[in-house]
Amino acid sequence: MSREQKAVERARKAFLTGRSKPLEHRIRQLKNLQRFLLEREKEIAEAIKKDLNKSEAGTQLYETLGLEGEIVLAVKKLAEWVAPRPVEKNLLTISDTVYIQPEPLGVVLIIGAWNYPWAVTIQPLIGAIAAGNAAVVKPSEVCVHTAKVMEDLLPAYIDKELYPVVTGGVSETQELLRQRFDHVFYTGNSMVGKLVMEAAAKHLTPITLELGGKSPCYIDKNCDIPIACRRVTWGKYSNCGQTCIAPDYILCEPSIQGRVLEEIKKSIKAFYTEDPKTCPDYGRIINQRHFKRIMAMTEDSTIAIGGDSDESTCYIAPTVLKDVQVNSKVMQEEIFGPLLPILTVSGVDEAINFINKGEKPLALYIFSPDDKVIKKVIAETSSGGVLANDCLVHYSVSALPFGGVGNSGMGSYHGKFSFDNLSHLRGCLIKQLKMEGVNDMRYPPHTAKKLFWARFFILKNPDLGWLGRMTLLAIIAVVAAVVLQVRGKEETLRTLTFPVSDLPCFSRAIVLIVALYFLSFTFTLCA
């Protein structure tokens, strides 16, 4: 039995004991995870410095601070999230208990990425723990030092049987994917995402794919160009451009291309000084393979800003390419580096057409003071997320689902979306062995009268407003009282506008339920 198989088996065995399910256990594990982030802050920062040249402040800002926020939210809201969720009833279920019960899926495989190795690996783990699952954590082997810290220190804080860390490269990941999981959560590129999906399909395992793509950025000529370019510069060159939702390219009209270049150049200098190579807040490309891939993209484009590089240290300066063509190398795949191409378009309509010709991106950015322009772009395009007049920050909003669509991924997470994504939302209907007369309409022999009542119950589900319900209160009360006396006072019933006394037993029950249905709504509102 391989090391990977043993880890999965231990996690499965631990899950089957049921100890991951109690609310107290989940909260305790989440708080231990938060304590790990705080107590091991130094080790985490040192490892990321070695892997990606991130500063200590940058590590907290882009990696661990958001994780702490997610944990605080989960701990605060978990009792609410795990509770049964009542649903709207219809005429057939008015007297029943109907709700959705979130339950753990089982054992989750989390395959992390190297660009934000803590944020994109631990955030799904928070959701898995909150949902009551076991989880096998596979950090990216590309971030060697970070993976080592995760492997060595994380088991000292959280249950090492329920949440094992498995390190290794391609072969170890492939071995993990041969095992049966109840959910696979992968963050990375679409090529590997297809392999993960193929492996999961063999076990009919549901998956979440957080991928990427070429996220476009449209700059309207009427917007505040200095502010727009400042925000685009920050979004593009943070983490040396190695961000799945970084603006991949700019679309703007030819008349403002010069100003856009000028303002981006100013912002680069303001953020990273005259010499970004010596700036502690400017990162490095993860390895030489990616360095060569990125530099090859500049070969057939005009460098307007930057362009400096040093292969020995995997340094590429913040670079802007102008007058880029659709068939340029830099436009053929996600850049995932500090290159920012500018393509000119005649206006928002051409920008929309250009965007729609490509794969659906993970993010789409619009800079415009005009709400009509913003709404037009949103209405006529599709992307994982949309952000107007800023970059990246939608990732930090726990109330928004974060995820892709089409080639940029499937499934979403963050906040309650993580919990729901890694839970089975189980539909529950609890009936009583009473009022059997109502069920006559569904039992053979089937008749026209039974079909009439079935149509009424299934198709007529009135949604009365508050005033309507209040108005009906008196009438409903009278009807309910009369129906309750059906057997004893047949002559009184004949004075009603419909012959209730002539109805069979199940029909009388139906009338009673209809009355009680509206009555219950009224009392609910009044309460």
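Placed from the backbone N, Cα and C atoms, the Cβ positions cover glycine too.
Pulled from TrEMBL:
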DOMAIN    5-423  domain 'Aldehyde dehydrogenase'
ACT_SITE  Glu210  active site
ACT_SITE  Cys244  active site
TRANSMEM  466-486  transmembrane segment
TRANSMEM  506-526  transmembrane segment
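Between the C-alpha atoms of Glu210 (active site) and Cys244 (active site), the distance comes to 9 Å. Around Cys244 (active site), the same-chain residues at least 6 positions away in sequence with a Cβ under 8 Å from its Cβ are Ala113, Asn115, Thr187, Glu210, Leu211, Gly212, Phe336, Leu362.
Mean pLDDT for the domain 'Aldehyde dehydrogenase' (5-423) in the predicted structure: 97.
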